[in-house]
Every structure is written in structure tokens, then in C-alpha cells.
Amino acid sequence: MKKTLLAVAIGGAMFATSAAAVDFHGYARSGIGWTSGGGEQTALKVNGGGSKYRLGNETETYAEFKLGQELFKDGNKSIYLDSNIAYSIDQQVDWEATDPAFREINVQFKNFAEDLLPGATLWAGKRFYQRHDVHMNDFYYWDISGPGAGVENIDLGFGKLSLAVTRNTEGGGTATYGQDKVYYIDNNGQIQYRYEDRKADVYNDVFDIRLAELNVNPNGKLEIGFDYGNAHTKNGYHLEPGASKNGYMITLEHTQGEFFGGFNKFVAQYATDSMTSWNTGHSQGGSVNNNGDMLRLIDHGVVQFSPKVEMMYALIYEKTDLDNNQGKTWYSAGIRPMYKWNKTMSTLLEVGYDRIKEQSSGKKNDLAKVTLAQQWQAGDSIWARPAIRVFGTYGHWNDKFNITDRTNAGYKAKDAEFVAGVQFEAWW
């Protein structure tokens, strides 16, 4: 309740300042679905994977509400306050209460040093920082978002430089030389005690350097990034033996504009040790299970075959090779063609395939899904939103490892499911 009142108070204060000047942006989706096996809509995702092809395959109500306002303006200089509160619920009943997530609250000072760094922006606070993603499967492959600070868009003449630092904290990842007596009940119902090391959080800082808008060919631009993650603790505490402590990630992304009426992005990334847990740019230096490296290649984009037909596509290869032999390789491919009947009605087909290969055994888990959707949207672009869609989704999987993850959920290791439903999606 306190968090809800805080959100209302922030929104009210911003509107009270100057209602006409407040920017309101956001994202939302919700709907209803049924599963052939009975019950509510089931999400179809490969066993061991972190992403799924999303058309006709999202089972939650999710929303982000962004309020922002320019608080200062003097010539080319301006100060902007931005905020973002997000909600996620299971879309099961009428009244579903949840605590909001305070995803963003930051201030951006544009042209803060106009004479020295024209066009550059100084910022501080919690922020979605220059995120890069594959829309089809909601996969954010370069995302260091969190509390932080930085200077971005420093014009070097041949490109733009951005510098930032953000933080993500691991709970209970360190120990101290002190111990606490912990009581527990044994298998015979007797009260026993043992001594356990005191735990404290691990603080992971990520230092981010990006050089963007490098013109390398006609309508083609290159972005280069280096992220270094480093863990530190409070005085008197230490990382667990074998903890990765630090690591780095290198990213190269080439964006080709005017590509068959759309665009193409090719991405190559390499990460080590603490940067391999999430494989996105966040660091987990307190972990003892992420020593190793990761290589990822992505090709994704949108093409327009005719005024009536557009298509999204994605190809992903990601290999995480860990010293403890617990890594995996992820293969993914998907397409989403769209046929436009008119400016506000279209038909979409999404075909997606994911495979996870276990490092230790070489065994593989596979999942393929196909979705057919009839859609009504605000415009004739594949990016047009809001949209309301009626969909049917068929998924088939075949698991060879971690089978209990599937069977404990009431499914067979090799099985299939059909899902149908209605969903809206909007961004503004």
C-alpha cells in the first residue's frame, strides 16, 4: 500500500507542476487464454532456456507506466526527470494485487557542458540504459540497467562515446569470519543447532564504454561496447572461495539500414566469468558457478517484401562454456511474417524453434511453436500498436535432460500443447 501511495504521490506531484508538460509513455499487455490440456493459458518455452517466441505465448498481465517532465530549459540546455513503475500479475482473477517495481527514476541534463561537450548528456539514477533486444522473443542481449550514472552521446566527430557505471547486488553472496548459531529441527523432530558463516550482499559494479554511430558502409553503422563487472563487499566480509569476482563482455553490433525496406542487425558478443551468469551485461561476481566464457552471435531484423507483407526474423547462437561443465549451448530461429488486409487489420504467423544443449552430457532439449493470429492494430506497420489479436498456438517439445522440470509441472518429457486466446498489446 505504501508503494502504491508513493507512485500516486509522484504522479500527482508531476501533474500538479504543469499537467500539459508531463510526458506519459508506457507499455502494457493483457488478455485471456485456454490450454488444450485444461486450465489457463500455458507458456511454451524450451526447458533450460530463458526466452520464448512471444506471439500468442504470453500468459501474464504486464504494464510499465512512464511519467517524465522537463524541469529546466535554458537555450540548448535542459534537465529532464524520468520515471517508470512496472507491474506484473498472473491475469487469473478480477482483483490481483501486487507490489510495483520501481524500474526507473533518473535525471538527464542535456548539453550540460555545451562549450566543451556539445550534445552530451549527464545523467544519474535508476535507468533502462541503452538496451538492445530481439523483439520477437523479448531477449535483451545488452542490458546493464539499474542504478547508475554516466555521460552519453559525446560527439567525437566520427562517432558518439558513452560512459556509464551501474550496479546490481547479489543477496547473501559473501561470508565473514564470524559465525551465528542457527537452530533447526532434525528428521527425528529434535531441536538441533549448527554454526553458519554470517552472510552479506555482494555489490557488483559494471563499467560500460560504448562507441556508436560509426559509419562503416552506406546506410550501415557499427557500435562497439566494453563492459567490465567487478564485485566488492563490506569490510570484514569476503567472497566465497572460487567466486568469479569479475569479468568482462565485448559487444560488436552492425546495423544495416535500408535493408529490403527494413533493417538488419548483426551482433557478436564475448563474455567471461562474472559476466556469464545473465549473459546480458550484468555481473555476478559472488557466484562460484560462473567461471568460464560465453560466445554469442545474433542476426535479426525486419524486411518488407511488398506494401502488404512485412516480416521479423531472428537467428541466435549462444555457447556458454563453464569450468564446472555446467554450461549450455542455445540455438534459436524464428520468423514472423505479417499480411496486411488493410491499414488496421492483418494476419500474422510466427514460427519459432529453440534448442538447449547441455555441456556435461551433450543431451538436447527442443521446442518448436507455431502461432497464427488475426490482428487489428493502429496502422499498417509491423510495429503498429495498440493491437488486439485472436490467436492459436501449437507447441511441441522433446526433453532429454532436466526432465523433472517438465514432469513436475504435469507434462511428459515429449509432448505437445495447443493454446488459444485473445490479447492486447500497446506502447505509447
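Cβ coordinates come from backbone N, Cα and C, glycine included.
The model shown is predicted, which means the values in this text are computed figures rather than measured ones.
Pulled from Swiss-Prot:
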- 1-21: signal peptide (SIGNAL)
- TYR27: site 'Greasy slide, important in sugar transport' (SITE)
- TYR62: site 'Greasy slide, important in sugar transport' (SITE)
- TRP95: site 'Greasy slide, important in sugar transport' (SITE)
- TYR140: site 'Important in sugar transport' (SITE)
- PHE263: site 'Greasy slide, important in sugar transport' (SITE)
- TRP383: site 'Greasy slide, important in sugar transport' (SITE)
- TRP427: site 'Greasy slide, important in sugar transport' (SITE)
(request) Looking only at C-alpha atoms, tell me how far TRP95 (site 'Greasy slide, important in sugar transport') is from TYR27 (site 'Greasy slide, important in sugar transport'), rounded to the nearest Å. (result) 21
(request) Quick one: of TYR27, TYR140, PHE263, TRP383, TRP427, which recorded sites lie within 10 angstroms of TYR62 (site 'Greasy slide, important in sugar transport'), measuring between C-alpha atoms? Sequence order, please. (result) TYR27
(request) Return the single residue from the recorded sites list (TYR62, TYR140, TRP383) that has the minimum number of other CB atoms within 10 Å. (result) TRP383
(message) Helix, strand or coil for TYR27 (site 'Greasy slide, important in sugar transport')? Use DSSP.
(response) strand
(message) Around the C-beta of TRP95 (site 'Greasy slide, important in sugar transport'), how many further C-beta atoms are within 10 angstroms, looking at every protein chain?
(response) 5
